[in-house]
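Participant: The structure follows.
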């Protein structure tokens, strides 16, 4: 069996960096080199301050960096020396041309394939780590075949990641499963077994699943679509709970005890975010349309539509409760990352909520323990603009949650950081304008509602009626309409 002794990973982001750090940590005899064109990112990986925050990552990196784990911008040499090359580059949703707003943009995958074949000789395994549309491996294979040379043998595998940001190291060390897809040929199966041997250093063999390449690629898209679907499903029930007096947490507990359903991903919130869910579901929608499956495409599109609705609905409740206007009012936004225990803001619901409120003229004071000011400014600015006038005028980045809440009309919790449960809310209430509102978009304050109401707060949360006095936002109850793909930069229609 072919033995993998040197690994190259192209892409030092949220997937490539942690994944290869754990491989190096678990396989001290394998030399792992993570490469990227971004020199500042590589410098950060080689410094005490890593470019991404992930619990446990720093300890893993420091245990093997400089021994069998290396970070470099020398991509060509790393490819030449490697027995296995992971492709772990970004596959964003296309923002132009055919498939705009839905299809995956594979330009970085194509660039990697061309660079790999240019710098390879002999036998080498090339493995997709990035989330890609079905049959992306076939496209890579066609590039390899069109640029073949004597004695070159490149085998293409699919090995999608299933880690969750915030628990990535735990997920990598103790995965539910490892999925490897390859060609159903002797050469393809030889490559599959070689990669299996790497994971078998710490993963039980029964947890390593092998399939054909297409099943592996589709399994990743389907897994993210199913998880997103569950969140949208419970969020749809949260709207019903608010209208009827039911509590979505109690409903989720009741249905989650059914073993056929289970209790995972039944946490109602202001909406899902992150780099994967929306991108992958939209990719699935586009794939279904391209394969002439319009009914299937419409089904999965509803998952995204419900997520968009949940965000708009929450923004509407804020405006509704604050006497139909937030113009020139100070609102504290607690949390900007898309989830706790990460600094990743991609598709964060906090971005959407902030933009909705900014378009109503609200002054936002934003605090997040792990997201730097520069990232918040970029996320709230128009594309291609370093910092637009609206952001300069309406957004302040606070150094701590108490500063953000000082003099605020309302506190809006958008990320479920544990620290928000431990704040001195009596201190916060004293410094806020009255009536003082808390809008808990993540239900992190469940169990504290009576205490907070005793202090004097008006509480609004997802999927439960807490405060009873509310002023209708509009006689019709209509929710402002915003474009799904283009967060609002215009006044809502009411």
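Even glycines carry a Cβ here, placed using N, Cα and C.
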Participant: According to Swiss-Prot, one residue among 6, 107 carries the annotation N6-acetyllysine; which one is it?
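Facilitator: Going through 6, 107 one by one, Swiss-Prot annotates 107 as N6-acetyllysine.
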Participant: Of the residues 120, 130, 392, 476, give the one that Swiss-Prot describes as phosphoserine.
Facilitator: 476
Participant: Tell me which of 65-87, 88-110, 157-179, 180-202 corresponds to the region 'Disordered' entry in Swiss-Prot.
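Facilitator: That would be 88-110, the stretch labelled region 'Disordered' in Swiss-Prot.
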Participant: Match it up for me: which of 122-128, 129-135, 136-142 does Swiss-Prot list as region 'Allosteric switch region'?
Facilitator: 129-135
Participant: Under a three-state reading of DSSP, tell me whether residue 93 (NAD(+) binding site) is helix, strand or coil.
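Facilitator: In the DSSP reduction, residue 93 (NAD(+) binding site) maps to strand.
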Participant: Give residue numbers and ranges for long-range contacts of the region 'Disordered' (88-110): same chain, 6 or more residues beyond its ends, CB-CB under 8 A.
Facilitator: 9-11, 13, 15-16, 19, 128-133, 136, 139-140, 143, 278-279, 282-283, 285-286, 289, 485
Participant: What three-state secondary structure does DSSP assign to residue 107 (N6-acetyllysine)?
Facilitator: helix
Participant: Taking only the Cα atoms, work out how far residue 93 (NAD(+) binding site) lies from residue 276 (active site, nucleophile), in Å, as a whole number.
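Facilitator: With distance taken Cα to Cα, residue 276 (active site, nucleophile) is 10 Å from residue 93 (NAD(+) binding site).
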Participant: State the residues, same chain only, that lie 6 or more residues beyond the ends of the region 'Allosteric switch region' (129-135) and have a CB under 8 A from a CB inside it; answer 'none' if no residue qualifies.
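Facilitator: Result: 9, 11, 15-16, 19, 86-91, 103-104, 106, 108-109, 158-161, 214, 217-218, 220-221, 224, 276, 279-280, 283, 286-287.
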Participant: Mind tallying the region 'Allosteric switch region' (129-135) by DSSP state, helix then strand then coil?
Facilitator: 0 helix, 0 strand, 7 coil
Participant: Could you break down the residues of the region 'Important for formation of active hexamer structure' (321-325) into DSSP helix, strand and coil, giving a count for each?
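Facilitator: Tallied per class, the region 'Important for formation of active hexamer structure' (321-325) gives 1 helix, 0 strand, 4 coil.
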Participant: In three-state terms from DSSP, label residue 276 (active site, nucleophile) for me.
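Facilitator: Where residue 276 (active site, nucleophile) sits, the three-state DSSP reduction gives coil.
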